[in-house]
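According to TrEMBL:
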- 20-86: domain 'G-protein coupled receptors family 2 profile 1' (DOMAIN)
- 105-368: domain 'G-protein coupled receptors family 2 profile 2' (DOMAIN)
- 107-130: transmembrane segment (TRANSMEM)
- 151-170: transmembrane segment (TRANSMEM)
- 190-208: transmembrane segment (TRANSMEM)
- 229-251: transmembrane segment (TRANSMEM)
- 271-299: transmembrane segment (TRANSMEM)
- 320-336: transmembrane segment (TRANSMEM)
- 342-367: transmembrane segment (TRANSMEM)
Amino acid sequence: MSGSVIGRERNICLELVNQYCMANFDRSLCWQKTASGEVAQRKCPFSYCQNVEGCEEIENNYTVQRICNENGSWAEPMYAQCIDVLKYHPHCIVGFCRTCPDLLREMVINVSLTLSIVSVALLVTALILFSILDSIQCRRLSIHKNLASSFVFRFTVLALWTVAQTTNFFQDCSYYNSMPLYEYEWICKLLLWLVIYFQVASVMWMLIEGGYLYSRFTVFGMRSIDCPNYAFLFCGWGVPFVVVVSWTIIHQRRSSQNQNSFCWLPYAQGAHLWILSATMGLALILNLLFLLGIVLILVQKLRAENTAESKKIWRTVKSTLLLVPLLGVSNIPLFYEPSQPSSVYMLGSAILQHSQGIFIAVLYCFLNGEVQNAMKRQLLRLKMHILSEQPRFEIERSYIPDEINELDSKLGMPMGELNYTDGSKRPHNSH
């Protein structure tokens with residue numbers, strides 16, 4: 001093969017190479033094979049919010065341009081228009097900790113926070129009343145106070161966690177892809193741990209409420225021997241601590257194997273989640289059985305007393321159904337979470353979970369006859385105390401002599417008083 005032939009073939013190949021710019025990746029976008037002298041265009045490498053008015057036009061009109069030179073080499077890409085999107089239309093893109101507007105998500109967050117704040121306010125008020133009313137102190141009230149306290153802590157910590165997540169408190173938002181703040185990870189883990197702990201503790205105290213109430217309707221309620229107070233405290237606060245610590249140890253080992261894991265998120269995954277789910281699920285199922293047992297006992301008692309009219313039985317059953325939210329039975333359906341939850345499920349879940357404190361405060365305290373009567377007695381005693389502390393003022397009255405003497409018809413005053421009408425000083429009479 002002659003050198004001229006090889007040279008000719010080489011030149012043909014170079015011409016073909018120079019006719020195109022080959023595919024190239026510039027660390028943000030992949031540029032396809034393009035003919036020499038042409039200008040390639042790509043959309044800015046952003047995720048756009050299609051549900052925001054005007055953002056679709058921004059996505060189509062603002063582009064990246066790159067020239068394919070005559071020699072088949074790429075020029076530098078021009079991202080000036082993308083920078084304009086960041087400056088003037090940041091609401092259209094996802095990045096820097098920003099997300100697309102989601103009406104349902106915002107509604108669920110607002111409903112959860114509002115109900116949590118109302119629940120905490122009512123529960124704190126109920127705890128104050130439970131503490132100052134000495135006449136109603138008993139074992140049952142002690143359980144009520146612990147249940148209310150667990151929900152106060154639960155909703156308070158949950159509200160803090162929700163605010164921290166929605167405001168990206170643990171994220172560095174100065175980057176397009178936000179970076180976690182690892183120096184604050186221990187605070188994030190502590191907050192998440194408290195959220196889980198008080199959730200389990202509140203369910204355990206609902207179980208104690210259900211078990212104690214059921215025992216009052218059975219033969220155990222007739223016995224003078226009662227469980228010591230530390231047994232209730234251990235079941236309500238100690239058992240959840242053991243359960244959550246067990247889950248924490250396993251989850252920490254799992255998450256440490258993932259370099260991208262931060263703050264144990266996502267935490268609602270893995271087979272070890274059953275440590276939490278099984279504990280709370282079993283407690284709620286037992287409460288459901290307690291509730292059914294109470295209804296059966298009440299119906300049997302009404303029939304035994306020959307007062308088993310259908311209206312009276314139905315009224316009793318309806319009254320007992322008020323215990324459903326108090327004992328957490330209404331949360332049982334929430335253990336099934338669909339892969340793509342609907343708006344009804346998400347709103348219903350938020351309302352059921354965050355309104356329990358309202359039910360507890362209203363039914364155990366504000367509508368409780370014993371609490372109302374004790375409060376009336378307390379207010380009456382306070383009123384009597386205030387009245388007893390007030391200074392006594394006597395009504396101004398005229399001088400009344402000890403002995404009625406003969407009256408002077410001219411002056412109209414006792415004759416004995418005439419002795420002092422000549423200017424001499426009258427003795428002071430104090431009433």
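Backbone N, Cα and C atoms are what each Cβ position is placed from, and that goes for glycine too.
Listed by sequence, the residues of this chain that lie at least six past the ends of the transmembrane segment (151-170) yet keep a Cβ under 8 A from its Cβ atoms are 97, 109, 112-113, 116-117, 119-120, 123-124, 127, 178, 180-181, 184-185, 187-188, 191-192, 194-195, 198-199, 201-202, 262-263, 354, 356-357, 360. For the domain 'G-protein coupled receptors family 2 profile 2' (105-368), the mean pLDDT of the prediction comes to 86. For the transmembrane segment (229-251), the residues of the chain that approach it from at least six positions outside its boundaries are 139, 142-143, 146, 150, 193, 196-197, 200-201, 204-205, 207-208, 264, 267, 270, 272-273, 275-276, 279, judged by C-beta separation under 8 angstroms.
Long-range contacts of the transmembrane segment (190-208) within the same chain: residues 143, 146-147, 150-151, 153-154, 157-158, 160-161, 164, 232, 235-237, 239-241, 243-244, 247-248, 263-265, 267, 276, 279-280, 283-284, 286-287, 326-328, 331, 356, each at least 6 residues beyond the stretch ends and with a Cβ under 8 Å from a Cβ of the stretch. Contact between the transmembrane segment (342-367) and the transmembrane segment (271-299) is not supported: fewer than 3 Cβ pairs lie under 8 Å, counting only residues 6 or more apart in sequence. Outside the transmembrane segment (271-299) by six or more residues, the chain places 196, 199-200, 203-204, 206-207, 210-211, 213-214, 217-218, 239-240, 243-244, 246-247, 250-251, 254, 308, 313, 316-317, 320, 323-324, 327-329, 331-332, 335 with a CB less than 8 A from a CB of the stretch.
Summarised by DSSP class, the composition of the domain 'G-protein coupled receptors family 2 profile 1' (20-86) is 14 helix, 23 strand, 30 coil.
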